[in-house]
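Participant: Checked TrEMBL, it gives:
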SIGNAL    1-15  signal peptide
DOMAIN    28-231  domain 'Peptidase M12A'
BINDING   124, 128, 134  Zn(2+) binding site
ACT_SITE  125  active site
DOMAIN    264-300  domain 'ShKT'
DISULFID  316-350  disulfide bond
DOMAIN    316-350  domain 'ShKT'
DOMAIN    364-401  domain 'ShKT'
């Protein structure tokens, strides 16, 4: 009964490693050295053999959003195209370049089946292809965020490195917590009570959502329109357009309020969307709902932050007409996780079931909106299989806090000694392709000895993203360049 629920688990925060080979810098703002795609056209080839039908649907919807809101045009590859992107499977969410490489030929965008195939994440990665950087690396981010990397593996600290004013073009835009290019609070954290990113204003915590349920913001679209000079495609008289508006390719002045109103809709119709939301589909089928029911689910961009509502607490009530009958059949015990979620009233669970901690608190709880799902996933061993997502979102079920001494603790470094197997490294021998494990367990992963490269073309391999995309074959040969040395 829980098969459909597992979709949400592939939002594995380790897969937010989406840095590119543009000078190997971190990338809504636009890097000054990001090159525009010729004629604003981005041809693409999709290795469809790796994608399911609904995944292709979500990817195509993300392309349509960028096509509709900007003058950039994603279209299928045609014979004679001199530059294009190939969208394929891989180990991560990874855009080889920020913007166009500048030298023609193919550049790759990998969307791992284990975490990247959501509408919001497709928007995010395609944003990198267009030329957008991460919002949370802006020079003014410390005015809005508290960044604490205590729960982030040192190997991943660079993904939070703040940029200087002369490295990013912000086009006079304010800091945008709603940007699809902004990480969520728990991205890349190993601990339930240590979120790398927190907003300084506690009343705004609910604004900082995870990328997979985000929508393109006005400021994202504005940055692309200005960077690609989309107003030049306007063939008639340009309208007057006061700041912060911009003139789009249709000669219309776009302003935040109108942008929000136009895009915050339920494509499937409000009655149907409310029915789906009542069945908990907003989070359990987030990608579909982000596209078709974003108004009902509260996944919209809002021009006024005061209009963004906090996620409602789930009422303790039955959500299926057969709950009473199932309860009499003993399903509250036989299918306890499903029944706790869908039929709590019939199972007598509507008192003392509140799992939530005080907002912003550090209590070890299941932060995911449906805790009973966490319990089921933990029993299936997914705390280890999807640790970086599960450790935070299902912390209670996984027994995971910063002071936890359970079996889910990260292995300590074996410091190139055989050491005591209790340090955990032997259990991680099959995960040496992970750079974090490769560094923490050098003896088990055969990462000992002088910090040197065994090949002369390591810089080239790193430039093309091989350290992250093909770690199993690249890191052992390029330990120094890939940053794998202990």
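Think of each number as a place in line: the chain as shown, counted from 1.
From the backbone N, Cα and C atoms, a Cβ is placed for every residue, glycine too.
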Participant: Relative to the Cβ position of residue 316 (disulfide bond), how many further Cβ atoms are located within 10 Å?
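Facilitator: So the number of other Cβ atoms within 10 Å of residue 316 (disulfide bond) is 12.
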Participant: Find the member of 28-231, 264-300, 316-350 that has more C-beta pairs under 8 Å to the domain 'ShKT' (364-401) than any other listed stretch.
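Facilitator: Ranking 28-231, 264-300, 316-350 by Cβ pairs under 8 Å to the domain 'ShKT' (364-401) puts 28-231 first.
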Participant: Pull the DSSP breakdown for the domain 'ShKT' (316-350) and write it out as helix, strand, coil residue counts.
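Facilitator: Helix/strand/coil tally for the domain 'ShKT' (316-350): 17 helix, 0 strand, 18 coil.
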Participant: Which residue among the recorded positions 128, 350 has the fewest other Cβ atoms within 10 Å of its Cβ, if you could check?
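Facilitator: Per-residue Cβ counts within 10 Å for the recorded positions 128, 350 bottom out at 350.
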Participant: Rank aside, I only need the closest one: which of the recorded positions 124, 125, 128, 134 has its C-alpha nearest to that of residue 316 (disulfide bond)?
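Facilitator: Minimum Cα distance from residue 316 (disulfide bond) across 124, 125, 128, 134 lands on 124.
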Participant: Of the residues in the domain 'ShKT' (364-401), how many are helix, strand and coil by DSSP?
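Facilitator: Helix (H, G, I), strand (E, B), coil: 24 helix, 0 strand, 14 coil.
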Participant: Of all the recorded positions given, namely 124, 125, 134, which is spatially nearest to residue 350 (disulfide bond) at the Cα level?
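Facilitator: So, spelling it out, the nearest of the recorded positions is 124.
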Participant: What average pLDDT does the predicted model assign to the domain 'ShKT' (316-350)?
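Facilitator: On average, pLDDT over the domain 'ShKT' (316-350) sits at 76.
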